[in-house]
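Student: I grabbed these lines from Swiss-Prot:
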- 20: active site, proton acceptor (ACT_SITE)
- 15, 64, 66, 112: tRNA binding site (BINDING)
- 10: site 'Discriminates between blocked and unblocked aminoacyl-tRNA' (SITE)
- 91: site 'Stabilizes the basic form of H active site to accept a proton' (SITE)
């Protein structure tokens with residue numbers, strides 16, 4: 001069985017390890033932990049992680065964030081992956097740094113990547129893992145904040161949070177969304 005695990009982010013070295021690129025960071029950590037490397041393909045960088053007979057196609061879209069839906073649709077069609085086997089990993093301003101929340105569906109919460117995915121897929125009924133990046137910015141400073149780098153305090157727990165996010169993605173594929181939400185959302 002195949003799953004598409006999409007980490008949202010922006011391409012380019014200027015966005016490397018910025019808050020808005022936490023989706024890329026989760027997939028990079030998951031690939032690194034399994035000695036995998038990404039290859040450049042159409043609409044994104046991919047690698048495949050096999051876990052207990054399940055194929056997890058990890059996708060870092062090469063489109064800009066607000067065009068992420070194009071990459072998601074392309075890889076779903078190319079690999080014949082149903083919507084219920086898709087997980088989007090995204091940054092979330094509404095959650096404190098490091099908080100992880102798996103949801104089976106929901107609004108885009110003002111996130112342009114999720115907004116475009118919903119527009120292209122014609123539904124908001126897809127799983128998403130929200131990775132809290134906090135919201136410690138002055139009024140009007142949202143863009144600078146999400147495109148900014150993590151604090152030294154954030155980095156103290158980053159590896160553990162990235163590892164947990166990877167475990168959530170694997171559990172999504174192995175145990176399903178309901179069991180995974182019950183297991184991880186309370187932490």
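Each residue, glycine too, has its Cβ placed from N, Cα and C.
Model, not experiment: these values are computed from the prediction.
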Student: Recorded positions 10, 64, 66, 91, 112: which have a Cα within 10 Å of the residue listed as 'active site, proton acceptor'?
Tutor: 10, 91
Student: Measure from the Cβ of residue 15 (tRNA binding site) and count the other Cβ atoms within 10 Å, all protein chains considered.
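Tutor: For residue 15 (tRNA binding site), the count of other Cβ atoms within 10 Å is 16.
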Student: Any idea which of the recorded positions 10, 66, 112 has the thinnest Cβ neighbourhood at 10 Å?
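Tutor: If we count Cβ atoms within 10 Å for the recorded positions 10, 66, 112, the smallest count is at 66.
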Student: Which residues of the same chain, at least 6 positions away in sequence, have a Cβ lying under 8 Å from the Cβ of residue 64 (tRNA binding site)?
Tutor: 10, 11
Student: Including all protein chains shown, what's the count of other C-beta atoms within 10 A of the C-beta of residue 91 (site 'Stabilizes the basic form of H active site to accept a proton')?
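Tutor: Taking all protein chains shown, residue 91 (site 'Stabilizes the basic form of H active site to accept a proton') has 23 Cβ neighbours within 10 Å.
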Student: How big is the Cα-to-Cα gap, in Å, between residue 15 (tRNA binding site) and residue 91 (site 'Stabilizes the basic form of H active site to accept a proton')?
Tutor: 14
Student: For the recorded tRNA site formed by 15, 64, 66, 112, which further same-chain residues have Cβ atoms within 8 Å of the site's Cβ center?
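Tutor: Close Cβ neighbours, site residues excluded: 10, 20, 63, 65, 67, 68, 113.
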Student: Through the lens of DSSP with three states only, how would you label residue 10 (site 'Discriminates between blocked and unblocked aminoacyl-tRNA')?
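Tutor: The three-state answer is coil.
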Student: Within 10 Å of the Cβ of the residue listed as 'active site, proton acceptor', how many other Cβ atoms can be counted across all chains shown?
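Tutor: Other Cβ atoms within 10 Å of the residue listed as 'active site, proton acceptor': 23.
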Student: Compute the C-alpha separation of residue 112 (tRNA binding site) from residue 91 (site 'Stabilizes the basic form of H active site to accept a proton'), stating it in Å without decimals.
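Tutor: Here the two Cα atoms lie 11 Å apart.
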Student: Could you tell me the C-alpha distance between residue 91 (site 'Stabilizes the basic form of H active site to accept a proton') and residue 66 (tRNA binding site) in angstrom, no decimals?
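Tutor: If we compare the Cα positions of residue 91 (site 'Stabilizes the basic form of H active site to accept a proton') and residue 66 (tRNA binding site), the gap is 13 Å.
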